[in-house]
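Novice: Let me give you the structure first, and then I'll get to my questions.
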Amino acid sequence: MVKLDFSSQDEENDEDLTKEFVRDEAPMEETTSEAVKQIATTTKETLKDVVVNKVIDVKDVVKEKVMQQTGMPEWAFVFLGFVFILLVLACAFCLIRKLFGKKRHGEKNKKGGLKGFFGKGQDVVDGKNIQGMAQDLEELGDAMEQNEKEQAEEKEEVKLGRIQYKLDYDFQQGQLTVTVIQAEDLPGMDMSGTSDPYVKLYLLPEKKKKVETKVHRKTLNPVFNETFIFKVAFNEITAKTLVFAIYDFDRFSKHDQIGQVLIPLGKIDLGAVIEEWKDIAPPPDDKEAEKSLGDICFSLRYVPTAGKLTVVILEAKNLKKMDVGGLSDPYVKIVLMQGGKRLKKKKTSIKKCTLNPYYNESFSFEVPFEQIQKVSLMITVMDYDKLGSNDAIGRCLLGCNGTGAELRHWMDMLASPRRPIAQWHTLGPVEEEGDKKDDKK
């Protein structure tokens, strides 16, 4: 009997089947994983698209509702958003500068001078603070330039010294007692470096009474101790200004004015004795004073329903000297004009021997409402002369031919009907030869 042994053959067959199964199983696993990944990716993309579409839909719905409620176009929302972003950035910049700027300035002050900028501190070495350092350097440069300018101005400013005086007003007697006590640190006006100072006193605006101290030879610190009395009523003293004019005496030429001190008596307490020092100010510029013609104050009022234009000449000040004695006899001439033709002319009273006349005189002109924009008003300050012709000092031109402050005054009057509008004006030159002279009053 023959026995057949199939064990080894079966084992070999099993091994072959196992190998084939393993070879077939590997591709199956790879295919499955790839499919799973593809499904996951597709799902994510689909979900992302859905979410984005939903967000866009919600945004569109909100935008439409807001636009319907506010009535604003789309570009307006874009503009407002841009402005909001700019405001946020500006606030952030200011906050950062406020927080860190103080710290830098504090450190600079502690270290002193320029050391805080160019020392070995961490704020300079750290690259993050380079921009802040550059900004501080720029500010420092500007501050240094400003300091240099101020120092240059201080060097150019000449010290004229100061003067000590005493004021005492007697209300019962109506008199002002002025004592010139002393002066010190006066500038040297002579070749030797000294001066021969004296003080001239008078009251503005009249300059009628002038008094002088004695001359003190070759000194920059004179002691005067001289007293003078001015008769001034109490109802007039508040409009006066006391002048201390300091001069250097010269025997053979014109005396040079060192400087002056002005005391407005309306701004001090006359009920008490005043004794104080005052710095001496530079003297007035004679050339500029000669060019100035003065100022005039008047009010304008127009009533459209009545067609009535009212001009009130109030006062004038600092008028140009026209007479030999250094004064003038001023009056004011008002001329209503249209198309170069004079419609009506009126004049104030004459104020004798003054450069600061007070009038408070009213004049009326009939001007219909349809003509008010076509007329001009020429206000001229004249100097009365008893023997010769009256000369013009200066004038203002208002109305349709006016310019600058005169035109603004006229427009303010028209914008405020029935209400008087008062204003000061600087007198301009009278260019027309025919207006420089006037007939007798």
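From the backbone N, Cα and C atoms, a Cβ is placed for every residue, glycine too.
Per Swiss-Prot, the features are:
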TRANSMEM  70-96  transmembrane segment
TOPO_DOM  97-441  topological domain 'Cytoplasmic'
DOMAIN    159-278  domain 'C2 1'
BINDING   Asp190, Asp248, Asp250, Asp256  Ca(2+) 2 binding site
BINDING   Asp250, Ser253, Lys254, Asp256  Ca(2+) 3 binding site
DOMAIN    292-425  domain 'C2 2'
BINDING   Asp323, Asp329, Asp383, Asp385  Ca(2+) 4 binding site
BINDING   Asp323, Asp383, Asp385, Asp391  Ca(2+) 5 binding site
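Burial and contacts for the listed features, if you can.
Specialist: Mean pLDDT across the topological domain 'Cytoplasmic' (97-441) comes to 81 in this model.
Within the same chain, residues at least six positions away from Asp250 (Ca(2+) 2 binding site) with a Cβ under 8 Å of its Cβ are Asp196, Asp256.
DSSP assignment over the domain 'C2 2' (292-425) gives 15 helix, 68 strand, 51 coil.
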Novice: When you measure from the Cβ of Asp329 (Ca(2+) 4 binding site), which residues in the chain that are at least 6 apart have a Cβ under 8 Å away?
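Specialist: Once residues fewer than 6 apart are set aside, Asp329 (Ca(2+) 4 binding site) is near Met322, Asp323, Ile350, Lys351, Lys352, Cys353, Thr354, Asp383, Tyr384, Asp385.
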Novice: Relative to the mean position of the Cβ atoms of Asp323, Asp383, Asp385, Asp391, the recorded Ca(2+) 5 site, which additional same-chain residues have Cβ within 8 Å?
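Specialist: My list of surrounding residues reads Met322, Ser328, Asp329, Met382, Tyr384, Gly388, Asn390.
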Novice: Relative to the mean position of the Cβ atoms of Asp190, Asp248, Asp250, Asp256, the recorded Ca(2+) 2 site, which additional same-chain residues have Cβ within 8 Å?
Specialist: Met189, Ser195, Asp196, Tyr247, Phe249, His255
Novice: Taking the Cβ of Asp256 (Ca(2+) 2 binding site) as centre, how many other Cβ atoms lie within 10 Å?
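Specialist: Around Asp256 (Ca(2+) 2 binding site), other Cβ atoms within 10 Å: 13.
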